[in-house]
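Everything on this sheet refers to the single structure shown next.
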Amino acid sequence: MKERLPHEKGFHVSWDQIHRDSRALAWRLDGQGPDNGAWRAVVGITRGGLVPAMIVSRELDIRTVDTISVKSYNWQEQQPPSVIKAPQAELMGDGHGILIVDDLVDSGKTLELVRTLYPRAHFATVYAKPSGRPMVDTYITEVSQDTWIFFPWDMALQYVEPYRGRD
């Protein structure tokens, strides 16, 4: 059987879809924080987690927002993850009361690294693949491991020439 290219089994996510799914994630997390249901802060894993983190923080009215930047890909090649930018140490502690948000858990290597730094944080993603699912506490949609997710911030709308020639 011929191996598929990443785009051949693709899941295209629109801006509207990521917004709806991120709101659904917020609703699922509402009242689940350790401090009488509240979360102390939202930390987005850059870059993909920024949009979902912003939407979750807005929906849950969490005003303290920070980021952690983890590099685990060089173009489309996966590499060992490394932290490029960490959130404020005094905010994070061991992660208690912190909601860490990303767009997707794929292999789980990024979340595994972040979880070693903040073991008591709550990890939430919009989408989850089976290999990474054990690393996430809350997610909205599961997709198969061999599906490539196309996020709207990775895509560009462009003009396409009509099949029968020019306008």
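All residue numbers here begin at 1 and follow the chain in the order shown.
Glycine residues also receive a Cβ, built from the backbone N, Cα and C atoms like all the rest.
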Residue from GLN32, GLN79 that Swiss-Prot also lists as binding 5-phospho-alpha-D-ribose 1-diphosphate with ARG47, GLY48, ASP102, ASP103, LEU104, VAL105, ASP106, SER107, GLY108, LYS109, THR110: GLN79
Cβ-Cβ neighbours of ASP106 (GMP binding site) (radius 10 Å): 25
The rounded CA-CA distance in Å from ASP103 (5-phospho-alpha-D-ribose 1-diphosphate binding site) to THR110 (GMP binding site) is 12
Do you know offhand how many angstrom separate ARG47 (5-phospho-alpha-D-ribose 1-diphosphate binding site) and THR110 (GMP binding site) by C-alpha? 12
